[in-house]
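Quick look at what TrEMBL annotates:
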DOMAIN    32-200  domain 'Phosphoadenosine phosphosulphate reductase'
BINDING   C111, C112, C194, C197  [4Fe-4S] cluster binding site
ACT_SITE  C220  active site, nucleophile
Amino acid sequence: MAPASFSPTTFSPGTEPLEIIRWALDTYPDLLMPSAFNLNGVVLLDLAAQAGYQGEVVFVDTGFHFPETLSTRDRLAARYPQLTFVTLNSGAHPDDGQTDPGLYASDPDACCAARKVAPLQAYLRQKAPAALLNARSRDQAATRADIPFVEEGGARVKINPLAHWTREQLEAYARDHDLPVNPLYWDGFLSIGCWPCTRAVRPGEDARAGRWAGKGKTECGLWAGEGRL
Ligand code: SF4
């Protein structure tokens with residue numbers, strides 16, 4: 001149980017994610033959770049459910065997801081019936097006319113902006129939550145090395161309860177709780193986005209090295225850059 005004075009000023013790197021989530025639920029009752037159901041997201045989802053979160057889990061179908069990602073979403077929805085799983089752009093596919101089907105190769109920033117960021121931004125404008133629950137952690141990539149538990153900036157507050165957890169801690173938690181991790185993860189896909197822009201990680205690379213490899217791009221735009229959430 002967190003002390004009455006529990007607040008961001010008392011958080012330390014060792015503060016348990018569950019306590020951060022409970023604080024966030026008290027502080028931001030309209031908290032909303034976007035997710036792509038990576039290892040971090042699956043662990044966060046389980047912790048949030050434990051903490052009493054009963055809100056939405058929002059996923060954007062870009063039309064380029066691996067079937068394993070969609071089936072992971074479905075397994076999670078069955079496991080946590082108290083949560084509402086929302087899929088934006090449901091049924092999207094590469095030839096649906098939303099973008100040139102090869103845009104991911106010629107201009108991946110534009111492809112992410114149209115197929116991923118824009119649908120979520122539109123949904124969040126409509127729902128207008130004060131804060132988002134997010135699963136990023138510091139050890140995923142050098143660009144995430146300073147992520148705080150409570151992140152100001154952008155359009156709304158981001159709560160990052162897993163900021164200080166390592167990949168080893170996340171894997172141990174997932175195994176201990178028999179969580180339905182995307183099966184591609186165990187084949188080296190440590191961060192899984194769309195199939196044209198994701199490869200397995202090689203030994204010594206960070207967890208996100210397989211995203212947009214060789215394209216000079218490290219983020220989709222949801223969490224960094226001018227259009228961030
Ligand atoms: S990850 Fe690749 S395919 Fe998916 S939206 Fe971004 S550029 Fe397009």
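From the backbone N, Cα and C atoms, a Cβ is placed for every residue, glycine too.
Residues C111, C112, C194, C197 make up the record's [4Fe-4S] cluster site, and a Cβ search at 8 Å around their centroid adds T62, F64, Y104, P108, R115, K116, G193, P196, W212, C220 from the same chain. Counting other Cβ atoms within 10 Å of each Cβ, the binding-site residues C111, C194, C197 show the lowest value at C197. Taken residue by residue with DSSP, C194 ([4Fe-4S] cluster binding site) is part of a strand.
When pLDDT values are averaged over the domain 'Phosphoadenosine phosphosulphate reductase' (32-200), the model yields 96.
Taking the Cβ of the residue listed as 'active site, nucleophile' as centre and 10 Å as the limit, one finds 25 other Cβ atoms among all the protein chains shown.
Closest in space to C220 (active site, nucleophile), of the binding-site residues given as C111, C112, C194, C197, is C112, taking the CA atom of each residue.
Secondary structure at C111 ([4Fe-4S] cluster binding site), taken from DSSP and collapsed to helix, strand or coil, is helix.
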